[in-house]
Amino acid sequence: MTITRRLLAGTALAALALPALAQDAEPGLIIDLGGKFDKSFNESAFTGAQRWVEETGGDYRETELATEAQREQTMRRMAESGANPIVVLGFANASTLDAVAPDYPDTDFAIVDSVVDQPNVQSIVFTEHTGSYLVGMMAAMASETGTVSFVGGMDIPLIQKFACGYAQGAKAVDPDTEVIVNMTGTTPAAWNDPGRGGELTRAQIAQGSDVVYAAAGGTGVGVLQAAADEGIFSIGVDSNQNHLHPGSVLTSMMKRVDNAVYDVFSAEEFTPGVIVKDLESEGVAYALDENNEGVVTEDMLQAVDEARMQIINGEIEVHDYTTDNSCPVAY
Amino acid sequence: MDLLTVFQILDSTIRLATPLLLACLAGLFSERAGVFDIGLEGKMLIAAFFSAAIAYTTGNVWLGLLAGVAASMVFALIHAIASITFRGDQLISGVAINFLAAGLTVLIAQDWFAQGGRTPSLSGDGRFEPITFPGADELRSGFRQARADDLEPSGLSALYWDVISGHTILVYVAILAVPLTWWILFRTRFGLRLRAVGENPGAVDTAGISVVRLRYAAVLICGLLTGLAGAYLATGFNAGFTKDMTAGRGFIALAALIFAKWRPFYALGACLLFGLLQAVEGRFQSIGLFGFEIPSQFMQALPYILTVVILAGFVGKAIPPRAGGAPYVKER
């Protein structure tokens with residue numbers, strides 16, 4: 001509510017006081033449901049935009065969706081305010097953007113996590129399955145019980161892609177590794193339910209899991225908290241979440257949405273089409289910093305770095321769930 | 001399914017039922033006195049926020065609890081003034097409280113912490129830690145040792161170390177609140193008058209007892225209990241406040257209240273049932289049963305399906321307090 005109002009006031013002011021600004025074309029960023037400070041996906045995008053601000057001294061427009069129903073009006077308002085290029089976050093915007101983009105042919109759009117086939121849209125997708133494969137390997141190596149688990153947010157193919165990559169990685173280390181997969185829900189509310197995330201984690205721990213990987217937006221905060229409370233390892237997602245519970249967070253599967261936003265904002269020339277951010281371009285990576293160097297062993301690093309190279313040069317093929325909506329390993 | 005799994009589900013049930021139970025008892029006091037309260041949700045939410053915010057800023061969860069209860073009681077007071085003193089519509093006042101809480105919490109949180117309407121995560125003394133009963137740890141490690149030695153222990157001891165021990169203090173408070181509520185309502189003079197005021201306020205007034213004062217007392221007790229429920233959500237169940245974190249629990253508590261026919265021990269049963277359904281759903285999201293896979297979507301819908309079935313078919317006739325919903329106007 002407040003943010004929308006602030007945005008309204010902001011755009012109104014900009015239109016009144018600085019009409020020239022519209023032609024100057026500030027970039028725009030539309031933050032998805034889950035919120036700017038979800039410590040995960042959206043926050044990563046926000047961090048990228050902030051880095052651009054710091055480095056260039058420029059200004060950008062930002063708005064945050066409050067409900068599902070606002071997608072189209074927010075996107076249109078952003079385009080009409082003269083922002084260019086506009087970055088929208090999340091798969092859920094794909095159909096809306098597909099309808100909106102043709103109405104603003106002079107505005108460049110970029111969508112993260114989905115492919116929209118329009119001449120003025122850049123689609124940025126990540127190979128989350130390969131990054132998840134690597135953290136799955138680390139999970140299986142860190143596990144003492146031989147059972148690792150996964151808590152997803154909303155039950156959609158994109159999140160299954162994380163789960164499937166993770167399961168493949170864990171089973172690559174030891175085919176007998178058991179992988180428990182739970183989804184928080186089937187509506188967007190599943191991105192923002194830390195209580196339920198924590199409860200699912202406790203249920204998984206009760207089933208023997210001692211490493212849990214959360215790919216659940218704001219819900220993941222509850223997953224990581226429960227893991228820290230119960231004294232098991234957890235794996236963060238999207239942003240580097242190692243600092244949340246040092247010593248309990250084994251690593252984070254970083255999806256460099258921040259780099260993607262930064263690149264779009266600072267690009268000299270806009271390139272439409274699909275851009276794939278993979279292990280090689282460090283679009284996805286596992287996180288290693290001072291918070292988790294005590295828990296990540298040399299063996300893990302060696303194995304994971306080797307697997308990373310093998311994935312890059314094609315020796316290991318990690319199945320992408322979204323290509324056929326099925327996963328070759330059982331979980 | 002072994003015994004240990006059963007106990008683990010029961011453990012989860014108790015955690016999930018606690019906020020429902022506190023809110024349900026809160027509604028019980030208020031509605032027994034003739035003041036309908038659909039603002040349970042909002043009062044829990046404001047309490048959750050203030051308990052988390054104060055626990056974070058002071059680092060003391062007890063101060064947080066106090067702040068949460070105070071905030072909830074202020075909201076209860078608003079409800080009381082609107083619906084008792086000014087004889088407004090109780091439902092509208094309740095709805096207003098829900099909206100007010102939903103907006104106010106996020107607004108204040110954003111202004112205060114600038115984290116998108118949430119408080120920072122609580123840690124250490126900022127949250128309620130689980131209480132371990134004497135001997136629970138020994139029993140637990142004994143069980144684990146036995147399992148590691150392939151002795152196949154029955155897991156019966158888990159009833160003590162998993163289900164009974166190891167919850168935060170507010171869980172035990174909630175369970176003790178059930179007999180206490182029963183005692184207050186059915187064994188004290190105050191309770192008798194409170195029930196009478198919900199059935200026939202005219203008679204109470206004729207006896208020379210203030211209807212207004214009794215109803216205020218009931219609504220404030222309601223505020224106290226929703227305050228505990230909210231504080232539990234933010235500082236015991238979770239570690240911090242997030243936007244709309246009550247997630248409809250206030251309304252489920254209302255359903256439980258009707259289901260329980262406005263009786264304390266029935267309320268305990270109803271809330272445990274709702275908690276159990278949620279716990280089962282969390283545990284068996286997509287598990288094969290009798291050779292075929294039950295889709296997780298069905299398991300997620302199950303609590304709601306059963307609620308409808310139980311409410312429609314098995315509960316019998318639920319009769320609310322007769323004077324419920326009607327403001328009392330003194331006869332001249």
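Using N, Cα and C of the backbone, Cβ positions are placed for all residues, glycine too.
The following features are taken from TrEMBL:
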type	residues	note
TRANSMEM	B:12-30	transmembrane segment
TRANSMEM	B:42-59	transmembrane segment
TRANSMEM	B:91-113	transmembrane segment
TRANSMEM	B:164-185	transmembrane segment
TRANSMEM	B:216-239	transmembrane segment
TRANSMEM	B:251-280	transmembrane segment
TRANSMEM	B:301-319	transmembrane segment
Leading stretch by Cβ pairs under 8 Å, where the reference is the transmembrane segment (B:12-30) and the options are B:42-59, B:91-113, B:164-185, B:216-239, B:251-280: B:251-280
Closest-packing stretch to the transmembrane segment (B:251-280), where packing means Cβ pairs under 8 Å, from B:42-59, B:91-113, B:164-185, B:216-239: B:164-185
The transmembrane segment (B:42-59) and the transmembrane segment (B:216-239) contact flag, 3+ Cβ pairs under 8 angstroms: yes
Residues of the parent chain within Cβ reach of the transmembrane segment (B:91-113), under 8 Å, 6 or more residues beyond its termini: 36-39, 41-43, 45-46, 48-49, 53, 56, 75, 78-79, 82-83, 119-120, 241, 243-244, 250, 325
